[in-house]
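Q: Marked as domain 'C3H1-type' by TrEMBL: 12-40, 167-194. Taken from TrEMBL, the feature zinc finger applies to 12-40, 167-194. Taken from TrEMBL, the feature domain 'RRM' covers 87-165. Here TrEMBL flags 203-248 as region 'Disordered'. Per TrEMBL, compositional bias 'Basic and acidic residues' is recorded for 225-248.
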Amino acid sequence: MAEYLASIFGTEKDKVNCSFYFKIGACRHGDRCSRLHNKPTFSQTILIQNIYRNPQNSAQTANASRCKSRFSIMLACGSADGLHCAVSDVEMQEHYDEFFEEVFTEMEEKYGEVEEMNVCDNLGDHLVGNVYVKFRREEDAEKAVLDLNNRWFNGQPIHAELSPVTDFREACCRQYEMGECTRGGFCNFMHLKPISRELRRELYGRRRKRHRSRSRSRERRSRSRDRSRGGRERERRRSRDRERSGRF
Ligand SMILES: [Zn+2]
Ligand SMILES: [Zn+2]
């Protein structure tokens, strides 16, 4: 019996423990869930709830009407319905990459080495804008949670917690990865928002080098130099794009 219970723990067959909380670290029923959410006392992974705001999601509703009256913008972004025009895909990706890089770098500089970081593109309240950071060491995750809960981001208090998620492949929606999830943004499995290939190379590629490198401090110095250069370049690109779309 005990063996059977262990084998179904956290799966859909488990009537006691919530499989969604176990796999994804978030369940749409939240505290009212009829099954148990076993909060871990140790974990490499932390969840920072609802912290990324996709400018396209808010633009679709808030700016739709304002946007429609501005024909030039619609032309600039080639959006026939005018719904997506306030924030182009390029701008959205830059905005997202910048957010990702800022959080990733801060996690490493303040708390410790990050193995993997993921951001949900889902729209349901319990998943929207969720950021999962998997640290190499559990102590760093613990330190991060304690500190982050005393901090603010974009005028909002941060809510961070240790998360049971260890394997993101288990947490992700397979259909979404194949481009065929019919549940869309309200799917209850993770739809992860990809960062650009350049940023991926920059954040994860350089880190592999750092493992080999003896002098971490020298590496870090050159890293922040790189970063400010990258930031300036992006800023230039952004203002160029702005001029082109005539938004300001
Ligand atoms: Zn649940
Ligand atoms: Zn899905």
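In case you wondered, yes, glycine gets a Cβ from its N, Cα and C as well.
Just so you know, TrEMBL annotations never went through curation; they're auto-generated.
Could you give the neighbours, burial and distances for every feature on this list?
A: Beyond the ends of the domain 'C3H1-type' (12-40), by six or more residues, the same chain brings 5, 47, 49, 124-127, 130, 132, 161-165, 170-171, 188-190 to within a C-beta distance below 8 angstroms of the stretch.
When pLDDT is averaged over the domain 'C3H1-type' (167-194), the result is 95.
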Q: Would you list the DSSP helix, strand and coil counts for the residues of the zinc finger (12-40)?
A: 9 helix, 2 strand, 18 coil
Q: Residue list, the domain 'C3H1-type' (167-194) vs rest of chain: Cβ under 8 Å, 6 or more residues beyond ends.
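A: Distal contacts: 20, 23-25, 27-28, 52, 54, 96, 116, 118-124, 127, 132, 134.
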Q: Counting each residue once, how many in the domain 'C3H1-type' (167-194) are helix, strand and coil under DSSP?
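A: When I sort the residues of the domain 'C3H1-type' (167-194) into the three classes, I find 11 helix, 3 strand, 14 coil.
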